[in-house]
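Report on the following structure.
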Amino acid sequence: MRQGKLSELIHNSARHPDLEECSVEVHFRDITDLPGPDALEVVPDSQLVIARTAYKNNLSKYTINGRASNYKEVQTLLKGRGIDLDHNRFLILQGEVESIAQMKPKAPSEHEDGLLEYLEDIIGTSRFKVPIEEALQEMDKYSEERVEKLNRLKIVERERNALEKEKKEAEDYLRMQNEHVRALSRLWQWYLWTCLKNEEIIKSRINKAEAELKEETERNKDDIEHLELLQQNYEERCKAYDDVKAALAEAMKDLAGREKEQVSLEERRKHAKTKLKKLQKSMNDDEKAKGEAGRAIVDNDEKMQKERKKLEQFEAQLAEEEKVLEQIRDSLKDKTQVYHDQIEIKQKELQPWNVKINKKKAEVDIATSERDMLTKKAEEAKQASQEAQATLDQLREDQAAKNNELKELKDERSSKLRELSDGQKRLQDIQARGQQLRSKASASRQKAEEAKASQAASTTQNKVLDTLTRLQQTGRISGFHGRLGSLGTIPERYDIAVSTACGALNNMVVDHVEDAQACIDYLRKQNVGRASFMVLDKLSSHGIDKISTPENVSRLFDLIAPKDPKFAPAFLKGVGNTLVASDLDQANRIAFGGHRRWRVVTLAGQLIDASGTMSGGGTQVNRGGMSSKLAADSVSPETLREYEKESEAAHRELDAMLAKYKEMETDVEALQKAGPQIDMAIEKVNLDLQTFTRRIADAEKRVRGLRGNTKPDSGDVARISTLDAQIEFATQELEGLEERTASIEAEITALEQKILEIGGSRLLAQKSKVDGIRLHLNLANDEITKAEVAKSKAEKDLAKLEKSLRSNGESFEQVQSNLDELEISLDECNEYLNNLRTEVERAQEIEENQKEDLEKRKRELEEKEEEVDGFKKKQMELKQVLADARKEAAENDKYIQHWTAEHDKLHLADIDDEDEDGEDGEAEDKDKDNQEGDGQASETAQDAEVSVKAEGEEPSLNQARRSRANRHELQMYTDDELASFRKRELIAKAELLDEQLKSAKPNLGVLKDYKKREEEFLRRASDLEEVTRLRDEQKQKYDELRKQRLDEFMSGFSTISLKLKEMYQMITLGGNAELELVDSMDPFSEGIIFSVMPPKKSWKNISNLSGGEKTLSSLALVFALHVYKPTPLYFMDEIDAALDFRNVSIVANYIKDRTKNAQFIIISLRNDMFELSHRLIGIYKTSNVTKSISIDNRPLVTAPVSTVPS
């Protein structure tokens, strides 16, 4: 825009002086070209209207099809339609036509444009400028870094080579040191080999002890399982009992808390009721005093009215009597006139003094009444203070009593706690003693029961067995062991199975054939009966080891625990490889399911033979053939009686101890229950003390307040002092006045006496009457004054009492409200407490029941533990053997770990010399493929140890050593090699090498320096290689970008140059024009020259052409660019101004005929130009307003006749 502000675009003229805005709209639409000249078809719904409105406030807005938009959206939309808004190629102004062709080959600076930059922007290769420049900078940067790293590499190489000689001397020393390490390695390995041999021996002992322990455990498996079941059940019951006990404790705690809350509420209610009574009494007293004050006001009013009536009567009577007296005096006037005149004079003289005297008397009376009221107030306050002090003293006495009660309760609680602690300790002692007695009684009972069982078993044996047993006991036969079923045990659940599957359980077992023959001969001679015998030395032990079974079921023989291992072949003979199945289905699967037939028996006694026959089962099954426990040896009746006596004595002592325990437990429970009761009583006393503390604080506060009121306050004291001074001063003045009037009154009295003497009795009587009336009149005045003072006091008291009543009434209502709330809370608390007490009683009952049940189960558990005591003793012995063996194994393992650690500490020095591999002789050459590095030796050894411990297996010695081996240096020797070593030779070799090492003095630090230089050399070589790689990558990237730019530019440049030649030849009808590269090898170095050869002229630089020739050259370039990269819209402003009519016509016809893929809007004043347009728009101005008119420019020959102007 040429204008500096948007508001300057708004039209302003006389007719339109105050326009607020101006708008411009540009209408677009899509068309489809049709065959024929100027034939086209508008694409439906392709209308696009872009508008901009400028306002007076220099703001503007954009719209697209009436929708509000912004500049960015409009720009994006137009660019999307192909309009070049970046270089504005659609806009060609008059002055810019020639400037396009006159551009310099290349821009002199980056802020200007040359022909090269102009074409690059159009072709699109300008996008490569920044990436090419960045790639060049990166390449230069890496090139500089490469030169720097190469120089550093050469420096490090020289430093490394300077250390070569000292390095060789140090390596010789390290070879000797490695030989010393190998000698120590052989010695440590020999020690380790010795420890590992000991480890195998100890492990065999441990395995043997574990096998025996396992055998004992298996033999007592059922009892142990039963015991574990009882223990589990007991623990579950204990847990349940603890839960119930905890719930009971929680309920008791809640109950105690609620009872404390109840006590607190009751105390608060008690306090509130007391306070309410005091307020009620105070209100009643105030109400009574209020009534008295009211009555006093009424009485004093009535009294004043009454006295005033009397005063009026006395005044009327006095007037009458004075009139009579005056008449009497008038009658005696002649005789007493002299005296009357004198009296009148004196009375006039006395009148002012009487007024003063009456005034002073009134002042004295009022001050005296007020002082009496104030003094009475102090007396009442003093009395109230004394009453408050008495209340405070009583509260303190009650508090002291409560403190004494609290001390007694605390002493009682401490005593109970001590008794409880002592009782619990005694209970624990009794419990421990009871446990000992229970174990003793259990052992005695078990011994007696075993003796009874042995005796019973002996008496119930058959006659043959009994006979042979007696022969064995008397020594007449030897090698007899008894019935086969009694020589081993089997878990109870397999009793039916073994009784069914093994018919030989009742066979007699002997050692040799001779023993069996002796037994048979004796039975035959004595005709006792028949018996079958199993001879141990004729039985094979083949098949005793465990075998693989289908479905991993147990072999019946493996479940039998023989009394002695020598009886195992007899049991194997009896049961064979019979398998035990859980049910008949499994028995069928096992017996017939595989390629081998098995003999199978079920737990219910159903037997399937290998032949396929089935037997057993039913309601009558065989059982009792074997027991889960070995029968004890028989005992004599005397021994049995002794055992029974010991058992009875132990149980009596245990019962006595249990009774004592119960009694003590009851006492402890009573003490435990007494604790919360005492705590509750203490809590109640504490609450009472808290209440007393508050009440005493209130009472002390009241006493302090009342003590301050026993004396008048500062105002009252000052007032009393003032009143006393006023009374004293007024009294003195009154006395002075009376003294002054006394002489006058005496003179008047003397004169009146003379008159009375003259008047006689009548005057005297009348005078007395008048004086009497005056006396009554004065008394009435005094009564009225007193009534007024009393009424004023009563009114003040009434106001004060009403205020006190209001205050006490509000307090009474508040306390009453609090009391009501406390009553509700207390009722709720009592209800909750009743429910809670019921729950606590129920919980206590449950706790007692569960406690009894727990004690019962505990007794069952203890009885079962007593039964398992024998096994536990054997188990303890075996565990002790195991513990000793494991302790010995741990000590041996410490030695193994020690020598392993010592060997792991051995490290061969790392020597960069290939000859080092041959230093250890043939042994190392042989094992070099199995050697490992330093850093992995100890880790591998540790891993091997962990593997052995985790899996419980015994790896071979070679595996253990190979796990500790080092990959490259140290050799691990075999068992045979270690066995051939001699300890003395190993020690001598190591000591010799150690002395040689001590005598050498090499500089080992040079190896570190050499290695450091070598590492630095390799690191810098790696850095050099890396930076070289980065430089090459950047160079490749740089070359690729340049090539891509050149290829794209030359492709577009060739097209544009060719079209330029065609356009210029067409426009000029024979001329020629070319775009030439200044540097054909590098188009971007020197730029592009626009050379023109006008018709019938030589080649010239465009700057040497005329104005018309420059315009034609520029238009040819514009049309060539249009062909290369079309723009749908062009605006041309008087581009034909410098052309003659011929060239104007040529350009106009070209635009009309050759550019149908774009719309040209041309501003022209040349008829050769605008006459060829499709539409003409004329601009004209009238009344200072620019207007336009448009017409379709159609040829007359094609227009209808009616439209041709005449």
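Cβ coordinates come from backbone N, Cα and C, glycine included.
Straight from TrEMBL, the features:
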type     : residues  : note
REGION   : 403-460   : region 'Disordered'
COMPBIAS : 403-428   : compositional bias 'Basic and acidic residues'
DOMAIN   : 478-591   : domain 'SMC hinge'
REGION   : 614-637   : region 'Disordered'
REGION   : 847-870   : region 'Disordered'
COMPBIAS : 847-862   : compositional bias 'Basic and acidic residues'
REGION   : 913-971   : region 'Disordered'
COILED   : 1007-1044 : coiled coil
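Across the coiled coil (1007-1044), the model assigns an average pLDDT of 89. Within its own chain, the compositional bias 'Basic and acidic residues' (403-428) is flanked in space by residues 661, 664-665, 667-668, 671-672, 674-675, 678-679, 681-682, 685-686, 689, which lie at least six positions past its ends and keep a Cβ under 8 Å from the stretch. Residue counts for the compositional bias 'Basic and acidic residues' (847-862) under DSSP, split into helix (H, G, I), strand (E, B) and coil, are 16 helix, 0 strand, 0 coil.
Residue counts for the domain 'SMC hinge' (478-591) by DSSP state, with H, G and I taken as helix and E and B as strand, are 61 helix, 18 strand, 35 coil. For the compositional bias 'Basic and acidic residues' (403-428), residue counts in helix, strand and coil come to 26 helix, 0 strand, 0 coil, using DSSP.
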